[in-house]
Amino acid sequence: MQNPEVFILAIESSCDDTAAAVLHNDKVLSNVVANQLIHNQYGGVVPELASRAHQQNIVPVIDAALRKANVQKEQLSAIAFTQGPGLMGSLLVGSSFSKSLSLALQIPLIAVNHMHAHILAHFIDEEGYDKPEFPFLALTISGGHTQIVKVNSFFDMEIIGETTDDAVGEAFDKSAKILGLPYPGGPLIDKYAQLGNPKAFVFTKPKVPGLDFSFSGLKTAILYFIQKKKQENPNFIEENLNDICASIQYTIIEILIDKLKLAVQQTGIKQIAIGGGVSANSGIRTRLKENPYGWKTYIPKFEYTTDNAAMIGIVGYQKYLSNTFETASVVSKARIQF
Ligand code: KG4
Ligand code: ZN
C-alpha cells in the first residue's frame, strides 16, 4: 500500500548538471537543473570546474526546487542523493549537502545509483505515460553511459551489454568535434542529419561480440575519412555537412538497433525502455516509433531522460517504501557495483 504523504527532496550532482527535485510519492512537484555552461569552451567536462560550479549552484537550485514545489523543508520525509557513478568531486558536493540536511532535519538519508535512476525514471507518475512492466530491457544512452540492462524488478537488474570504450553520446560529441562543431555536438549532428542523406557515406560498424558496444573505432574511422576528404577538397565538410551528419547518425543508430535485436532474441523480452540524453535523438525516436520489430518501446519525457534529480527522487521513493536508508558514514563512489 502506498504511503500518501512521502515528500522526497532529491539531489543529483554526478557530472556537470546540478539538479534538485521534490516528489510527492511518485509524482514530481518540481525538477530544477542548472547546466554548467563553463565546460562548452573546453570541449568537454572539466572535473575541477564542475565541482566548483556545483558548490555555487547547489543552494540556489535546492531552494528553487522547494519553492516551485511549494514544500517547506520541515515537510520532507527523506533526502535522496546520487552516490555514484560519476566524478568524485561532483558527487561529494551533493552527498555532503544531503548528509548535513538530513542531520539538521533529522530525516532519513537515501543513496541512489545514478544508473538505476536513469532506468527507474520510467516509473515517475505522469499523466498519459504508460509505465513498462517487469521484465523489460533498458537501453541507457548518454554522454557517460551505454548499457543494455535486463530489469526484473525495481532493484533486481542485470547489465547484459555495455560499452567497452566510449559512450554513445561521446561518439556523437567526438564526431561533432572532428567536424568543427561546438560541444556538446550530439544535438547539432541530429539537427544537420535531418537535412541529409543517411546513406551518402558508409562507415564500417564495429564487430564486437555479444551485447557489448564499442565506439572508439568509429570515431577513428570518421577522423581518417574527414582528413582524407579534406586533402582532396578543403571545403568538404562545409559542402557535405548534412550528409556527413546523417551518415554518422545512421551508423550509430544501426549499431544500437543491432544490439537491441540481439538482446530481444537472447532474452525473449520485447519491451524496451530508453533513457539518457541521447534518447532525445530524433533519428532514434523515429526508428523506434516505426516499430518494425514488434517491440513496445518507452521513452520518458525529455526532462527525465537527461541527467535530472526527479529520477533520483523516484528511486528515493521506492527505497523509502522499503526502508532502505543510510547513515552519514555512507561514501560516494566514482564507480559503483550495479
Ligand atoms: O544524459 P545526458 O544529459 O548527460 C550524461 O552524459 O549523463 O547526455 C548528454 C549527451 C551528450 O553526449 C549529448 O551530445 C547527447 O547526450 N545528446 C544527443 C542529443 N541530445 C543530447 N545526442 C544525439 N542527438 C541528440 N538530439
Ligand atoms: Zn546520466
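Just so you know, glycine gets a Cβ as well, placed from its N, Cα and C.
Binding site for substrate per TrEMBL: Thr140, Ile141, Ser142, Gly143, Gly144, Asp173, Gly186, Asp190, plus Asn281 from the candidate set Asn35, Asn40, Asn281, Asn291. Looking at His114 (Fe cation binding site) and Gly144 (substrate binding site), their Cα atoms lie 11 Å from each other.
Of all the binding-site residues listed here (Thr140, Ser142), it is Ser142 whose C-beta has the fewest other C-beta atoms within 10 angstroms.
Apart from His114, His118, Asp307, the residues listed for Fe cation, the same chain places the Cβ atoms of Glu12, Ser14, Thr82, Met115, Ala117, Thr140, Ser142, Gly144, His145, Gly275, Gly276, Asn308, Met311, Ile312 within 8 Å of the centroid of those Cβ atoms. Among the binding-site residues listed here, namely Thr140, Ser142, Gly144, Asn281, Thr140 has its C-alpha nearest to that of His118 (Fe cation binding site).
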